[in-house]
Every structure is written in structure tokens, then in C-alpha cells.
Amino acid sequence: MLFAATLSLLALPNVWAQSSVADAYVASESPLARAGMLANIGPSGSQSLGAFPGIVIASPSTVNPDYLFTWTRDSAVAFSAIVNQFALGIDTTTRGEIDDYVASQVIVQQIPNPSGDLASGGLGEPKFNINETAFTGPWGRPQRDGPALRSIALITWANFLLSESNTSYVTDTLWPIIENDLNYVAANWNESTFDLWEELNSSSFFTTAVQHRVLHQGVSLATALGQPESLVSNYETQANFVLCFLQTYWNTAGHITANTGGGRSGIDANTVLASIHTFDAAAGCDALTFQPCSDLALLNLHTYVDAFRSLYEINSGFASNEAVLTGRYPEDVYMGGNPWYLTTLAVAEQLYDSLIVWNSQKSLEVTSTSLAFFQIFDSSIAAGTYASSSSQFTSLTGAIKTFSDGFVAAVANHTPANGGLAEQISNTNGTPVSAVDLTWSFAAALTTFDARKGVVPASWGAKGLSLSCAGEPIPQTVFCDFQRRCYYYFWAYVYPLFLAICRLMLFGARIENIYLTGSVDALEDWSTETALLMSSANYPIWSITVTLPANTDIQYKYINIDGSALTWESDPNNEFTTPASGTFVTHDTWR
Ligand code: NOJ
Ligand code: NOJ
């Protein structure tokens, strides 16, 4: 009997075994990951090495690399996991840690540091010493995802406490911390930032995505707490702008461009992490917020995973429908450039989140955008909506579950017996590399395991959002990704030839006067005196509509006139050819 069972198991495809590896790993690693994470929280965590109460160390590693600091990002990611589990009743033993974290962040927010003080940008400081003093060495600063992630964690906690009628603690203790973070996000989201990997200073998808989420949540919480209408409406206005900006990261090559600067491919775990950190099951597969099962996020995931297949020696020999180990981004050279535990787990988590939604909505949509992703599992699948009663739904979701489990199994295969999760996995021999016992790796394991079990985090209000990237007057500014989306463009039917130019200012803190000038009469023949003033009604987007000659090659540039100072965009000129009839819309970013 036993022998027969063993034989049939061996006869099953290799990938099947991965689900049983994942089952066993979830069972054994869950308590170890939980313990590993709590061990890194001061003052009583066994590895916290003198960290003050509620302070989370990134890792107990003190050399190569020295991670014995507290990062706002890593700490918030850990506490998001802890607070979610508490609020959902999965683990309600952590109240002491949560209270300590809250108390510690009151202090940390006030520490003057190289990014500034509380009122002058200090909230963007990425990391502090574990005794709650400033880290003053050189670093990639500011990192503007930190305040957003921290307030996401604290708002989850606040909403839970409100549901338990603990309004006074929320109002008196949590709200002041949250409000500081929200005001920082509202005021600074369009300023450049170092990315979550602390390397590139530009705009970064992960940062923008979590900023959008928290501004949106800020509207609801501030309203619930009776905060002034002016504050609420500012969060709302900024959230709308941020959602518009978020759309601009889509790259028609089939992925989200993780950073606006840096000159890399743009393929980056940044985008997968953004999707899982903004998951809202109530929003279904909405692509505006890049929900895990949205077609954009699925195609992005496919592009991301495939970028690592032939990159790492350790990934060789796996078929295209089998999981591999993934890293931060293909060009990464940090510690040799290796797969990471938390990024490989993020792939699984995005797919488990997707399965939660497909199973609950009882259908799955394959669009022309997500087709390439679904064809991994069924090369003959066609675009369409497949109800849960269909054989396609059953086979696709089954195959995707197996695929997801493969990423967990890959991590399992490189986890030492004590369950410790380092930062990285050697790209050649699979041994742990870089910081040991990384808090974020443990947190990633816990949230991935929960998603695998079907745990649905609290909604943050992503459902039913729409873009309103322009107010009055019409014509509205349009964001198109040229592949599939174009919004609110009815003036296109009114004018025979129509040019709308909008310009996205990423780095301007205040409203500036932006003009358009170019190579034809309608664009003032390169004049700077009579250049066309663009509307900033939809700041930080400038727009203008111009009637242009048909079939004509047009060159143009934007200029910034500030009193007597005139700044031209850098070369070369922008250029396009007008169509024979109809409209042409272009979106440019100031160079
Ligand atoms: C330390 C940062 O934490 C890491 O993300 C980065 O890759 C290295 N410095 C190299 O810049
Ligand atoms: C380097 C990672 O790139 C960064 O995201 C993280 O915050 C720090 N290490 C600390 O874990």
C-alpha cells in the first residue's frame, strides 16, 4: 500500500510536488517566521540587541552588511503584517509590541535628522539608530515611501480600534502620528525620492502607489474622526492627482517602469511589492490601482519573473511554467546580484491574492493585455471571461496555484533548517547571502502564507475609483497608455484637428508658468515672447489645446518663465507629425 502510494506520487509531474513542499513549509516556517520577526523588535526581542521599545531592527547583522538600524520602511512592513493579523484575529498576542511601536514612532517622527525635522522634511529620513537618535552618515535620502507605509500600518490599527469603539486612543494618540505622515505625503508626493532599494533618486512606482493608497485612506479616517473639511479635501485632491500620476508608469513594452530615473530596464520587484501592498479584494481586478489580478499587474509579473530565468545560474533548467527565484531587478549588483527571499515570496503573494479575487468573483478575465501571462498555463487560451463553472477557469486557477506554490517551494528549498530567512539567496549555489534573519523576509513569509490560506486584508477603499485628472475647463487632460486606455476625450469629436499637450512636472514644488513654443505659426514660430501660456488648472499637469496644420512635421519645446528667468527644456526638440485629420494627444515630462 505504502509502496503503491509512493509510486503514484513519483509518476506525477514535478510541479505537483511543489504544492506539497509549500504545504509542509507553511506549516513549519509560520511559527519560525513569526518568532524571527518578533525577535527583531526591541526591547525584549531576543535578537534586538538593545533596540528601544517598539524599535524594529532590519537584521541583527552588524557587518557586511551592517543592518543594525531601524528603517521606517522595514518597520512599517513588519507592523502592517502584525496589525493585519491582529485585526483579523489570526494572532492577537502582539498588543504589547504594537503599543510600543506606536509610542516609538511618536518619538522617531520628532528626531531632527539629515533630511530635516518634523516640519521640514525629516519624515523622509529612511533610517535611524536603534536608540532613537539620528543616523547622520551619507545615505540615499529622502525615501518618501516610509511615511506612507507607516501610516498605512497605523490606519489599519486605527480602523480596528474604531471598530472596537476605542475612539479616544485613536484620536489622541494615533491620529497625530498619522496626520504628520499624511500631511508629508500630501505635500511631497511629487518631489523626487530615493526608491525602496535606496539607490535611484527619481519618482518610483512603489512609493507613488503606497502614497496614493494612504492619501485615500486618510480621507476616510480624517472624515470619521471629524477632522476639518479643508484637510480632508486636500487629501482627496492630492489622492486624485497621485492616481493620475500612477498611470504614467505603465510601459507598453509590457511592464510597469519602476523608476522614472536610473536608465535601467525598469523591470523591478518594486512593482510586484506595490501590487501586494495595495491589494484590496473589494476592488476586484481593477487596473487603475494595479490590483494583483489586473491585466496590467499580471503582464507585469510575467515580464518581471521571466527577466530572472536566464539571469541566475541557480534558475537554469526550469520550464517557462515553473517557478524560479527572483531578485530586486535584473541589473542589481548588490552583494553580487542575487535572488531575494522577499521578492520571490512577493510573486507568490500577488498570485495568491489574484486567486482570492477570482474565486470570490467566480470568474476570471483574460484580456489581450494579460493573454501572455495566461498562455504560460494554456497556450491556446483566448481572451474572454471564464466563469468558475468553465473548464478553463478550473484548469487555469489550478495551474496558477501550482505555479505560485512553486515560488514558495523555491524559497523553502533554500531555507536553512532553523527557518532563518536572510536577505538574499546565492545566485549560484542557493546558500543564504547578506543580512541574516531579515525582518522583512520574515514578514513577507507571513503575509504570503496568509494569502495562500485565503486571508483577505481589510479593504482600503480601492473599489470603484475613477480617474479625474482634470477639472474645468474642458478639454480635459488625457492620460493614455496608448495600448488600451484613453479617457474622457469628447472634444476630440468637436475639433477637426486638435492637439492637447500636457506636461507632467515631477519636481516642481510650486506652480510655475510653463509656455509652449515651436516650429509652426500655431506654435509661435519658436518665439519666447509670444510663447503660448499653458493652463495649470490641473497642476501638476499643464495642458493646452492647439489647432495645427495637418500632415506636418512639428517640433516644439516647453519653457519655464519665472520672472526674468527663462528655462528651456534640454535638447533635443520634441517632435511629431500631425495626422491627416483627427486629433493627436501627447504627454510629455519636462526634461
Ligand atoms: C545599501 C542599500 O541598502 C542597498 O539597497 C543598496 O543596494 C546598496 N547600499 C548599494 O547601493
Ligand atoms: C536594503 C534594501 O534595499 C532596503 O529596501 C531595506 O530597507 C534595507 N536593506 C534594510 O533592510
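Just so it is clear, glycine is given a Cβ too, placed from its N, Cα and C backbone atoms.
Cβ contacts within 10 Å of ASP195 (active site, proton acceptor), excluding its own Cβ and spanning all protein chains shown: 27. Positions annotated as active site, proton acceptor by TrEMBL: ASP195.
Positions annotated as active site, proton donor by TrEMBL: GLU198. Under the three-state DSSP scheme, GLU198 (active site, proton donor) falls in the coil class.
For TRP139, the entry in TrEMBL reads substrate binding site. Its Cβ placed at the centre, TRP139 (substrate binding site) has 16 other Cβ atoms within 10 Å.
What TrEMBL lists as domain 'CBM20' is 494-591.
According to TrEMBL, the feature signal peptide maps to 1-17.
The transmembrane segment annotation in TrEMBL covers 487-506.
In three-state terms derived from DSSP, TRP139 (substrate binding site) belongs to neither a helical nor a strand segment and is classed as coil. Recorded residues ASP195 (active site, proton acceptor) and TRP139 (substrate binding site) have their alpha carbons 12 Å apart, per Cα-Cα distance. It is 8 Å from the Cα atom of TRP139 (substrate binding site) to that of GLU198 (active site, proton donor).
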